Amino acid sequence: MSDSLPLLLRAARGESVERPPVWMMRQAGRYMKIYRDLRDKYPSFRERSENPDLSYEISMQPFHAFKPDGVILFSDILTPLPGMGIDFDIIESKGPQIGDPIRSMAQVDALRPLNPSESMPFVGEVLGRLRQSVGNEAAVLGFVGAPWTLAAYVVEGKSSKNYAVIKAMVFREPEILHKLLDHFAESIANYLRYQIDSGAQVVQMFDSWAGQLSPADYDTFAAPYQKKVVDLVKKTHPDTPFILYISGSAGVIERMANTGVDIVSLDWTVDMAEALARLPEHIGVQGNVDPGLLFGTPEAIEARIDDCVRKARGRKHILNLGHGILPGTPEENGEAFFRAGKSVMDRLGAVV
């Protein structure tokens, strides 16, 4: 009986549900005091995300506090890099730092195929524990970074405002970039399969920086590798719902739907009704409340959620923010978001 399955999983599969499921990107993180206290005790991000006890505890913090409909693995999109031979660290206030940025074909040729069970057994352990702990009260989500976004980090060596280094590679040495992207696509597909086999019920691919590409370059350097990941995962796990998120995606929404994903996660810069008009009926949506709204009042949060859900009615919809919750967000407003999301049908009425 599918009613015994988690609400988010049923909604992501396109079943008729009593309300849109709700979770938040970065729902485990700095806006929560309990997380900040743990961070003070364990200042290394890599330790927090790679020690299975800490990763599990952090993943569960928002579940204990707010009971979201999805519990996402606490990790990072860069976590698989060392398994391919790329070292990195995440420095507080500076973000990711790549020890030896990839700029040559020789460096790409030297990369190892990713074997997640060997290089990241902690991920499998945490996902299994999450499934056991939340049962059918929430769906367990796994996630990865998409090939283009991983390439942007490893070529630039760090976060970037203008992506000049990787853009230079796009236009001067595209053959190096294509080989790197292909390696990442194969590895990321393996990583997602491992996550699903370990307990992830729904998966999301973040192509955070693909919004920096023109549509033509998106078609060349992002979409084919997104599609390769999706195809490889769907070949072995056809029933696992697949979400794709891009920050700044308003110009490529239709292209996102062509990658084979089940759900397009929208940022807040596009109107929900207008986005749905641009997407085929079978494609679901996730989002797309402005995370900045969570600095407002509970009444404003409720009104905006109502508007978002009203516009998405009749379509497969997962309520979320249009980006990760921002550091400094009042924790009580995170709670208000979940409360308003769970009670939305009391205000709007009828079945989704």
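The backbone N, Cα and C atoms fix where each Cβ goes, glycine too.
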Report the candidate from Ser198, Ser208 that shares the substrate site with Arg26, Gln27, Ala28, Gly29, Arg30, Asp76, Tyr153, His323, as recorded in Swiss-Prot. Ser208
Check each residue in the chain of Ala28 (substrate binding site) that is at least six apart in sequence and keep those whose C-beta is under 8 Å from its C-beta; list them in sequence order. Tyr35, Ile58, Ser59, Gln61, Pro62, Ile72, Phe74
In Å, how long is the longest CA to CA span across Arg26, Gln27, Ala28, Gly29, Arg30, Asp76, Tyr153, Ser208, His323, which the record gives as the substrate binders? 23
How many other Cβ atoms are found within 10 Å of the Cβ atom of Arg30 (substrate binding site), counting all protein chains shown? 15
Quick one: pull the CA-CA distance for Tyr153 (substrate binding site) versus Asp76 (site 'Transition state stabilizer'), whole Å only. 12
